[in-house]
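Swiss-Prot has this to say about the protein:
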type	residues	note
ACT_SITE	Cys129	active site, acyl-thioester intermediate
BINDING	Ser160, Ala161, Gly162, Pro163, Gly164, Thr165, Arg166, Ala167, Asn168, Asn287	NAD(+) binding site
Amino acid sequence: MNDRVKVAIIGPGNIGTDLMIKIMRNGRHLKMGAMVGVDPNSEGLARAARMDVATTAEGIDGLLRLDVFKEIDIVFDATSAGAHGRHNELLQAHGVQVIDLTPAAIGPYVIPSINLEEENATNMNMVTCGGQATIPIVAAVSRIAKVHYAEIVASISSRSAGPGTRANIDEFTETTRAAIEKLGGAERGKAIIVLNPAEPPLIMRDTVFVLSENAEPAAIEASIAEMVSSVQEYVPGYRLKQSVQFDAVPPDMPLNVPGIGPRHGLKTSVFLEVEGAAHYLPSYAGNLDIMTSAALACGDMMARRRMAAGIARGFKETAR
């Protein structure tokens, strides 16, 4: 009996190509069915074709016309927030589940270390690379104390940022901010992304500042360490860059949080780095690795559930 379902990727850029290679190397319940783009000269489409994956340069409409489409159960959308709405509408009409790697956020936010097992929507949003790296830390603090405010700064190599990432900077900050509050548990959130032009390229680095109610620093540090271990299960290159730092914010010197006013308590500062697995781009592109690794974990879970429920579209066609 076959234990894999076929998937397609829309968007043969940096993220889409890295995800394709991950699926082919590490996917437990996934099998590449198609790679979809809009540029016939795309390097990603050419690479997919060399790896015997069906391709089309006619976008979502081309995917629907491919013979293999009737066997596709899951589609990963690695295009743009603007294009995702139409893609999702057409795919949902065919009973295909969608994993959204854009900041469109039509479906619920999913971060594997926080809520992977709880979600089973037909469209799941992978937040952003910065969100995948930093929101688990905010959630770790939230497990111990109420978080008034969380601010994250994601610094990625300019070389690792393709046209899709650059076109979605505004959506990146808004989606990440919303997920800091929704999944991280912060009363207010803020997200900043920095495209670092340094040469040689630096690996992804993230800074997380959290202002919470007073709590025992040791308990927060232990919660963060546990969360880091959870993320490392699917992103081995994820790690703390240095020890967690704590600063008291006394009642007579509160910090003013926009939208909610002055707050005091405990400030927690966490410094992270994410080294990529170098499946496609070099190891400095940890921002790609954490996003595609999270999407792979989500896809494997979707596939298991579809097969267990007997609703996999391509199951009969691909069964051995």
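Quick reminder: no glycine exception, Cβ is built from N, Cα and C everywhere.
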All-chain count of other Cβ atoms within 10 Å of Asn168 (NAD(+) binding site): 21
Arg166 (NAD(+) binding site) versus Cys129 (active site, acyl-thioester intermediate) - Cα distance in angstrom: 13
Cβ within 8 Å of the mean position of the Cβ atoms of Ser160, Ala161, Gly162, Pro163, Gly164, Thr165, Arg166, Ala167, Asn168, Asn287: remaining residues of the chain near NAD(+): Gly13, Asn14
Max CA-CA distance, Å, over listed NAD(+)-binding residues Ser160, Ala161, Gly162, Pro163, Gly164, Thr165, Arg166, Ala167, Asn168, Asn287: 16
Among Cys129, Ser160, Gly162, Gly164, Arg166, the one of these recorded positions whose Cβ has the fewest neighbouring Cβ atoms within 10 Å: Arg166
